[in-house]
Amino acid sequence: MRRQNRLGFRRLGLTERLLAILLLVAAVDFLANTYLFDSATTTAVQRDDAARIGELLALAARAVSREVPARRTEAARALATRHFELEWKPSAAPGELRSPDPALATRILAAGPELAAEGQRLIVRHTHGSRDVTGIVVLADGSALGFRTYAGEISLQLSFWQILPMLLPTLLLGALAWLMFRATMRSLQTLVKALRHIETPSPGGLPEQGPDEVRRLIRAFNQMQRRIQRQQAERTQSMLAIGHDLRTPLARLQLRLDGAALEEETRAELEHDIGEMRHLLESLQAFVEAGGTQIPPQRIDIAIMAATLVDSAADQGLDARYDGPDSFEIMARAVSIRRAMSNLIDNALHYAGNVRVTLARAGDAVEIRVEDDGPGIPQDRLEEVFQPFFRLDTARTRDTPGMGLGLSIVQAAVKLEGGTLTLHNKSRADGAGTGLAAIIRLPLPAGAKPA
Amino acid sequence: MTAPSILLVEDDVSLRMLTARALRENGYAVRTAATGAEMWVMLEAEPAELVVLDIMLPGANGIELFRKLRRQSEVPIIFASARGSEEDRVLGLELGADDYIAKPYSARELIARIGAVLRRGGGEGATKGDERTSEVHFEGWTLSLSRRELRSPSGAMVDLTGAEFDLLATFVSHRQRVLGRERLIELSRTRLGDSSDRSIDVLVSRLRRKLSASGGEPPIVTVRGVGYMFKAEVRRG
C-alpha cells in the first residue's frame, strides 16, 4: 500500500532504480559503440572498396583507351570479372550522368588519380541500401566505360553473432551490479528496520557497515539514538529525583494531617489527595523499575495472583470475574507481574466498569486475558497507548488517575519475563457492543507440565 | 509497664519532629537522631527496643549503617525509605530488617508496623535469632509473618489479600481450636474491622481454595453451627 504511487504501480526501490540507471547507461553506451564501430568499419570497407575499384578502373580505362574503338567492347569484356562488370559504349547515356556520389568518387580517384586526368571524367553512383556501386568513366574521346561492382559487404555482416559477444559483458555487468547494489542496500535496510523499532535500541548501536554515505547515515543515526536514550534516562532520573524529593514533604503533610484537628469530611478529602499523589509516585517508581530490575524471577502462582486481584476488586463491589485454574505456577518477578495485571484490571474497571480475567495454557505459554465490555481503544491509537506518559483522554480529565504510565509499566514488566502484551478491540459475533482485550503471554520453560 | 523506647533516625527536621510526636502520642518513648553518628551516640547512652531508620540518610550510606547496626545489635529495625522501590524493600528484608515502610506513611501505618514488630520480637519472650524471620510452617506451606507472604509446598509465592493473610495468621496461632465467626473477626481486627459473618465465610472459602490448589486437603475445617478450626500441625521458626 505504502509502496504504490498515484498510478497504482509499485514504486521502484533504490536497488531497482540504480539497476535501471545502470542498464540505461549500458544501453546508450552499447548503441553508441555499435554505431561508431559500424561507421568506422563501413568507412574502412568503403576505403578498401574504393581503392580496389580505383585501381581496377584505372587499369581498365588505360587498356580500353589504347584499343581502337572497334575493339573496345571486346577489350572491356575481356577485362571484366564476375565481381567487376565492364561495358564500353560509344557515348554515355544521359541517365548515367545523374545522381552521382562525389564522396565515393573522390575516394576512388585517390586510388586511381589518372581516371580524372587527360580529359577523363568519373561518375560514380552508389545506391544506398544496396551493395552495388555503378558508374561510368567518360574517356578522353567522349566514349564511356560503364562498370558495376559491389561494396560494403563486410559492414552488412555486423549481425546478431557480432552483437552477442558485445552484449554479453553488459549482461554480466548487470547481474554483478544487481548483487552489489543489493549488498550495498542491505546496510540501509538494516537501518530502516532499526528505525522502525526505535523503542528497543540495541545497546551498542548499529554496526557501521556499507558504503561511506550509508556509514555516515548509520553513525548519525546511532548518535541520535544515544542522544534520545540519554535524554530518556535523564528524564527518568529527574522524575525519580523529583519523586524522592516529594516523598519527604508528602510524609510531613500526611503526619501533620494525622495530628490536625479537622472535620472528618475534610480529613477524608485530604487523605484522598495525598493518596493520589502517593499513587503517582508509585507508578513513576514502577515505571522506572520495570525497565530493569536486579530482582531475579521466583516461583509464583499466577492463577492465584490473578484470582486474588479479581477478588480484591470484587470485594470493593466492582464487577470483576476470574475464569481459570485454581493454581498455575510459573517463574516470574512477582511484584512487577502483579502490578502489570493489576494495571490492566484497573484500566478495565475504570474505562468499562467491568473486567473478566481468564487464564489458560496456550502451547508453550500461559495466556492471561483481561477483557472488558467498554468502548475499547480507537483502532488507530492502539500503538500509541504503550508510549510512556500517553493518555487517551487528551483533556486530562480529572477522573483518570495516574500519569499515563499504566500500559508502559505492563509492557515493560511483561517484556522483562520474555513475554508479549497485545491489545485488541473485541467485536462480538452479534455486533452488539465491543470491548478491549489485553492479552499477556508469558513463556513457560520447556517441558513445563500442563496445569 | 514502661513505654517501649524507640530510636528514630531521620535527617529531615520537620519529619523527625512530626513522627516523634505521633509516636509519643501513641505511648512510645521516642529519642531522635539526625545522622548515623548521632544514632551510635544515642544507642551507647541507652539501648532502644526498636530503631526506625531512614535509609537515605546523608553522611554514612544507609545500607552500610544498617549492616553495622545489624552486626552489633539484635535491636529490631524498621527501614523507612523515600525511594519506595521494590529493590529497596527486598534488600532491606534480606539484610535483616524486621519491616520496611515507604514514605509517605501515615502515623497509623507506622504505629501498626511498630506494634507488629514489637509483638513478634518481644511478645513471647524470645527475641533472638530466627524468631525475627517469624516463619510458620504447616503441611509444607510456609507463612512469613514479617513479609506477609505465603509459599506453597513447591515454593511458589501464593498471593493473599490483606484480609486473607490476617485470617490465616489468626488461624495458625490458634490451631486445633474451634473459632466462631465473631471471635475470628475480633482476633483479625487489623483488617477485618468491618467484616460481616458472611464475608468471613467468603474469606475462609477463598483460603481453602488456595490452600488446596496444589492438591492437598485444606487444613481449615468447618465445625457446623460453631465456626472453623485449623487442624494442621504448625511449626514455628
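Glycine is treated like the rest: Cβ placed from N, Cα and C.
Annotated DNA-binding region per TrEMBL: B:133-232, in sequence order. The DSSP breakdown of the DNA-binding region (B:133-232), given as helix, strand and coil counts, is 38 helix, 24 strand, 38 coil.
The domain 'Response regulatory' feature in TrEMBL is assigned to B:5-118.
The average pLDDT the prediction assigns to the domain 'OmpR/PhoB-type' (B:133-232) is 82. Per TrEMBL, domain 'OmpR/PhoB-type' is recorded for B:133-232.
In the three-state DSSP classification, B:Asp54 (4-aspartylphosphate) falls within a strand. Residue environment of B:Asp54 (4-aspartylphosphate) contains 24 other Cβ atoms, counted within 10 Å of its Cβ in all protein chains. The feature 4-aspartylphosphate is assigned by TrEMBL to B:Asp54.
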For the domain 'Response regulatory' (B:5-118), the number of residues DSSP places in helix, strand and coil
55 helix, 24 strand, 35 coil
